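K.L.:
Pasting in a structure now, in structure tokens, and then I'll have a few things to ask.
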Amino acid sequence: MAAVFLVTLYEYSPLFYIAVVFTCFIVTTGLVLGWFGWDVPVILRNSEETQFSTRVFKKHMRQVKNPFGLEITNPSTASITTGITLTTDCLEDSRLTCYWGCSVQKLYEALQKHVYCFRISTPQALEDALYSEYLYQEQYFIKKDSKEEIYCQLPRDTKIEDFGTVPRSRYPLVALLTLADEDDREIYDIISMVSVIHIPDKTYKLPCRILYQYLLLAQGQFHDLKQLFMSANNNSTPSSSPSPEEKNADRSLLEKAGLSEGDVEPLEENSKDCVVCQNGSVNWVLLPCRHTCLCDSCVRYFQQCPMCRQFVQESFALCSQKEQDRDKPKTL
């Protein structure tokens, strides 16, 4: 029908026919390119344009001091038969309670009980929540700021060499850190920390590492402590060693993120620089990939992570601009 109309129009007036076709072409092009302020039809967009137009939400973070620190010393030597060495770094006197062969199901039921029933602020509270579903328990007193090395091992009379095939019903080791003094529990929002540790055995020989760390709050919430992936620049030009002021600034940045120096990948000398401008200090964490690679000036221009190209759903700053200015070394 349209073809008959165009043929009739051409026979009537070739110039009028050309004008109508040209007008239709201009109008269609304007609609596709958005000249008239209308939205482009989704069928004409590619997936990247659709994702790029989404808004990146910025999380408002609340700074909380974590009184607990736990890491594995010499993880390559740890095993079920030889034991494991843990290093603690606590801001107050604390208790380290280790549960060998803890039930996976009972542990996560205990975390839910912390939210809905009672607060797990003492080792006895966790034992009540676990219903003693573990094979062996040992407890140590930790002095504040002592960075003690604690050697933990299953007794030889248990004769346990592995915990079965995957999926397992028991974790090899669950370590609970709690505040020893009851008065200290009124000071800190975080009242305990639960660490789930994998230890290699005859059946499952993957390297020893911390699988999960849960921070339990006095208000009844618990949070999974996640690792941040800091950017690392590969510069061929040699650079001078960082000054003590720069080391203190880097350490302060990690503390604000709730991390210790052992919780992040080894950083290279210039890793604190933004991966885009190479000038500003890294301050923004992108979610869900958790890459920490952008400064305050560059973060506003990216809807995709410049490291892994994953679309950014949310982001948050490690510290405010006032804290950055305060942490900078003053020059005379």
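Cβ coordinates come from backbone N, Cα and C, glycine included.
Annotation source TrEMBL lists transmembrane segment at 15-38. The domain 'RING-type' annotation in TrEMBL covers 274-309.
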K.L.:
In the domain 'RING-type' (274-309), how many residues does DSSP put in helix, strand and coil?
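P.N.:
Helix, strand, coil within the domain 'RING-type' (274-309): 3 helix, 10 strand, 23 coil.
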K.L.:
Averaged over the domain 'RING-type' (274-309), what pLDDT does the prediction give?
P.N.:
90
